[in-house]
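Here the structure is laid out as structure tokens; the discussion comes afterwards.
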Amino acid sequence: MIVAVIFFAILAISVGVSVWARKGHTNSGIGEFLVGGRSFPAWLVYFLAVGEVYSIGTMIGLPSGIYAKGASYGVWFLGYILLAYPVGYFVAPMVWRAGKKYGAMTLPDVFGRHFKSRPLELITCLVMLVGLIPWGQYQFIGLQVVLTSIGVHLTKVTAVILAAIIAFIYVSVSGIRSPAFVSILKDSLMIAAIVVIGALALSHSGGTGATFHSATVPHGLVTMTGGPVIVFALTTIVMQAVTFYLGLSSSYVFPAKSERAVKSSTVWMPMYMLIYPFLIFATYYGVSHNKGSKTPNTIFMVISRELLPDWLLGIVAAAAGLSGILVLAVTALSLGGVVTRNVVPNVAVSRQRRITTVVIGAFIIVAAAITLTGSTLMLTVLTLMYVFFAQLIPCWIGVLFFKGLRPIPICCGMVAGIAMGIVLYEWAPTMGGVNSGMVSLGVNVVVTIIGSILSKKPSVDPIRLLTTAEVHAAQEVPETPNTTSVDATA
Amino acid sequence: MRFRTASPPAATLADSAPFERQHMIRSWPSLLIGLGIPVIAVLGGIVAFADTSVFVFGIPLLFFWIFLWFPLTSLCLWISWHFFDRQAYPSDVVSS
């Protein structure tokens with residue numbers, strides 16, 4: 001009972017924080033709602049970004065992946081997040097610059113305006129819609145695990161509905177600003193929870209040696225054996241590290257107030273990963289004590305329930321729950337932005353926010369409904385999401401670096417890549433271990449390049465060639481009425 | 001199609017206007033330290049230690065190596081930021 005009381009008390013506090021986050025920012029234009037008026041300092045960008053990264057996937061997904069698939073799943077998970085930061089350090093400031101130049105609040109804003117192509121804008125929306133479904137599902141699977149293990153008798157359906165309602169409250173109150181502040185609360189709880197569980201797991205099993213080396217942990221579970229397993233880990237790391245910033249980043253890069261804020265906040269992000277050793281300790285404690293069940297997704301909560309007193313279990317559950325709800329909220333928000341600004345044309349600025357809110361609600365309902373239809377290993381859903389988002393990479397490369405790419409071939413490339421991704425997911429050939437996203441991305445790149453060679457359309461200068469003065473000048477003359485609200489709130 | 005910049009842009013281009021064009025490859029040493037070293041170390045380490053029986057402080061070397069690179073990656077980025085990039089990103093100015 002105490003578990004549930006603490007759990008809900010913390011959720012209530014978080015809703016309070018999200019309301020408080022609105023204070024002093026009552027200007028409720030769409031720009032404020034989606035990108036916080038492009039005003040976030042480095043520290044807030046830091047928390048918004050790590051808040052998304054260290055989501056429920058960290059606490060629930062990573063242990064279940066290792067438990068079900070062995071060390072390689074731990075290795076690629078840690079590896080791609082770690083290497084995403086050096087990539088982001090160099091790329092994210094340019095992503096921000098592109099967003100600033102086009103007065104963009106969503107990714108399709110950037111692509112559509114850069115190439116002056118409505119079809120490209122729409123296809124980008126399509127890629128995002130397809131990609132965000134597994135992402136939403138990923139959060140809901142985790143939330144369902146957490147909510148059904150806090151000791152009150154919640155059915156799957158109730159659990160999912162409850163999570164959906166709280167996520168909706170966060171963003172409908174004050175847009176992107178509330179998740180950023182709730183992140184701080186969630187991160188503090190999560191760090192504490194993971195460190196405590198890791199330490200308890202170590203002391204229960206008698207140190208790291210006993211945790212990893214005991215007779216009950218097969219050697220094969222702490223190593224990666226065989227070419228395909230290693231190839232899978234390496235290709236997944238490379239593909240997802242790049243996709244992390246060239247695909248998923250707009251929601252936490254655009255709200256930054258400057259390139260400096262984006263770049264400098266990245267420097268310290270890898271330090272946050274120092275919580276992972278504790279999580280890995282706890283996971284292997286679970287492996288060695290053979291805690292699991294037929295449902296690997298629940299392994300983290302099983303370990304927690306065994307090691308922790310009730311009140312701490314409540315805090316752990318709340319931290320995991322908050323992180324899932326938080327990411328769901330940010331995802332729904334960016335999706336809402338995409339539909340209002342890019343799919344439905346010419347929505348009056350004054351109505352954009354209301355429509356965004358409706359779309360957010362719809363997305364949450366759809367993602368929740370899909371989750372109830374089946375249970376998949378969380379990290380498998382995660383890789384699928386990255387396969388889809390990776391298809392945005394060639395377009396970003398065109399926007400940032402190369403003059404040669406043309407919009408229609410990019411569209412064809414994206415569609416071919418998505419189709420290939422779905423085929424490979426259903427067919428599941430081994431391909432020597434190569435991540436299927438890498439293969440679909442290859443198809444995408446080939447189509448894009450060949451099409452661009454054949455295309456006669458004039459080329460567009462990439463962001464790389466812009467000067468600072470041009471970026472700021474571009475802002476003062478918005479290309480469409482949609483951009484005016486950014487200027488008004490900046 | 002004209003790939004005007006099929007190869008990465010020359011460092012001299014950046015040097016001529018460091019405060020103007022802040023593209024990714026402003027400074028080669030920064031790129032090498034901030035991106036090259038972590039990528040090679042992490043990926044190379046995974047290949048080298050994938051199937052090892054060595055344990056450091058009781059932790060399998062494979063995991064220990066990755067853990068080690070959490071702080072070391074921050075260090076690399078800090079070196080890039082502090083010694084190469086910081087001056088090219090003047091402190092936050094409000095644009096309007």
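One-based numbering along the chain as shown.
Glycine is no exception: its Cβ is also placed from the backbone N, Cα and C atoms.
Feature annotation from TrEMBL assigns transmembrane segment to A:6-22, A:43-67, A:73-98, A:119-137, A:157-176, A:188-206, A:226-246, A:267-287, A:311-335, A:355-372, A:378-401, A:434-454 (among others).
Taking Cβ pairs closer than 8 Å, the transmembrane segment (A:434-454) reaches residues 231-232, 235-236, 238-240, 243, 383, 386-387, 390-391, 393-394, 398, 404-406, 408-410, 412-414, 416-418, 420-421, 424-425 in its own chain, all 6 or more past its ends. Of the candidate ranges A:119-137, A:267-287, A:311-335, A:267-287 contributes the most Cβ pairs within a distance under 8 Å of the transmembrane segment (A:188-206). At the 8 Å Cβ threshold, with sequence separation of at least 6, the transmembrane segment (A:378-401) lacks contact with the transmembrane segment (A:311-335), having fewer than 3 such pairs.
Residues of the same chain lying 6 or more positions beyond the ends of the transmembrane segment (A:6-22) and with a Cβ under 8 Å from any Cβ of it are 150, 166, 169-170, 173-174, 177-182, 185-186, 189, 311, 314-315, 317-318, 321-322. In this chain, the transmembrane segment (A:119-137) does not touch the transmembrane segment (A:43-67); fewer than three CB pairs sit within less than 8 A of each other, excluding pairs fewer than 6 residues apart. Taking every recorded stretch in A:119-137, A:157-176, A:226-246, A:267-287, A:355-372 and counting its Cβ pairs under 8 Å to the transmembrane segment (A:311-335), the highest total belongs to A:157-176.
When each of A:73-98, A:119-137, A:157-176, A:267-287, A:355-372 is scored by its Cβ pairs under 8 Å to the transmembrane segment (A:226-246), the top-ranked stretch turns out to be A:73-98. In summary, the transmembrane segment (A:355-372) does not lie against the transmembrane segment (A:73-98): fewer than three C-beta pairs, each 6 or more positions apart in sequence, are under 8 Å. Counted as Cβ pairs under 8 Å, contacts with the transmembrane segment (A:267-287) are highest for A:73-98 among A:73-98, A:119-137, A:157-176.
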